[in-house]
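Undergrad: This is the structure I want to talk about, given as structure tokens.
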Amino acid sequence: MNTTETGDFEFSFLEEGFSARDTVEQKINESSLTDERDAFYVCDLGDVVKKHRRWLRAMPRVTPFYAVKCNDSQAVVMTLASMGAGFDCASKTEIQLVQSLGVEASRIIYANPCKQVSQIKYASAHGVQMMTFDSEVELMKVARYHDNAKLVLRIATDDSKAVCRLSVKFGAPLKACRGLLERAKELGLDVIGVSFHVGSGCTDADTYTKAIADARCVFDMGADFGFNMDLLDIGGGFPGSDDAELKFEEITAVINPALDKYFPTDAGVKVIAEPGRFYVASAYTLVVNIIAKKVIVDDDSASDEEDEATSDRTLMYYVNDGVYGSFNCILYDHAHCLPTLHKKPKPDEAMYPCSIWGPTCDGLDRIVEQCDLPDMQVGDWLVFENMGAYTVAASSTFNGFQRPSIHYVMSRHAWQDVQQICSQGPPAPVEEPSLLEMPACCGRGTNLDMPKPCPAHMV
Ligand SMILES: *Cc1c(COP(=O)(O)O)cnc(C)c1O
């Protein structure tokens, strides 16, 4: 493997015929030679590229603005920037990160309806114009502290069936929109469109249809006040792995006709979205090591007739990452994480009821309450897939436990695909390019007037 070092990450090309899963094996083997055995991630940037292809195929009309909060890895942001995505930033620091990688301000939407004044000023000073709002107070702040904002009215949705509800906190109810638009007009502000978020982990595709129909109403209200609204932002909520209850293509099969009905292409409305989870969840695999183990024997259930000595045993495994680290997704994102085994169990291997715990001294730090696993030893590994969304981004080093290192990999084929998606950009570097030298195309240096999509989106 060739390793390329860049800013603060490093990535390796996968040799022909090797997968990210082979890298997991290789890292486990290397680490098993030592006593370190720290938890680590392998991130397959090629998976992010595949997701983008899938996005373009499923929703050619909709330009993704990746929600940085989901995973603010430079490698991920750079990969997406190179393929022409825009970015949903919710804070000054997220704006700084995205701009430091060369993304133009026109490809950023400041999608936080409740912003600190100093951060509104920062956005203004750095050319970020698109921003969301859902209240009158926010309009007054923006009118005072931003020079030239292009405002997007965030409306509430019925997110009662989403895993993580957002409309309890954000989004104006439909009946408040007329008043807000009127106030914006009085303040001399420009409202360019409507946004919504159906809730993260959406389980009901019809929520999108209803929200798109509501957005249409708000566009019509806007026209009454003389606003020339031309941006619809359908937010996030798309699943990040295929074991989700509602599949990505099942959602897009509902969204596309709704867009055609309420916002036909000839109406000239640009459509963007703010996917987070969709792009990163399945790219990350977390590998943890068993650092301690307890065998609990339940005396009460022990029976003389039982010759299977195993039936009353419960195992407790302690591993070196937990809910204060990567598994914060269990608390904040309502995630259910189950490991896959590193060592394949033999067909007749006995399984035991087990619980899995994190390394901190807090009793809350439990990863799995109940699952069946074989009898493993301290030093063995457990693998957790689909660990890219809302994991590293919100993890802490509570109790002194450090975040796992992340090994980024990409196949040459995926690399070529990035170049192809950006085929309108400057010539691709020929040999062993680093991510920081990814083709600028839609990513960097060009002055596209977003949200006009990068040419690749029309493929
Ligand atoms: C969190 C968030 C997103 C991303 O949501 P996903 O469900 O991860 O796609 C998009 N937009 C806004 C405004 C958000 O708060």
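Using N, Cα and C of the backbone, Cβ positions are placed for all residues, glycine too.
Pasting the relevant annotations from TrEMBL:
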DOMAIN    40-388  domain 'Orn/DAP/Arg decarboxylase 2 C-terminal'
DOMAIN    45-281  domain 'Orn/DAP/Arg decarboxylase 2 N-terminal'
MOD_RES   Lys69  N6-(pyridoxal phosphate)lysine
ACT_SITE  Cys361  active site, proton donor
Undergrad: Where does the residue listed as 'N6-(pyridoxal phosphate)lysine' sit in DSSP terms: helix, strand, or coil?
TA: helix
Undergrad: List the Cα distance (Å, whole number) between Cys361 (active site, proton donor) and Lys69 (N6-(pyridoxal phosphate)lysine).
TA: 28
Undergrad: Let me know the most crowded of the recorded positions, choosing from Lys69, Cys361 and counting other Cβ atoms within 10 Å.
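TA: Its Cβ has the most other Cβ atoms within 10 Å: Lys69.
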Undergrad: Check the domain 'Orn/DAP/Arg decarboxylase 2 C-terminal' (40-388) for me and report the mean pLDDT.
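TA: Here the predicted model's pLDDT, averaged over the domain 'Orn/DAP/Arg decarboxylase 2 C-terminal' (40-388), is 95.
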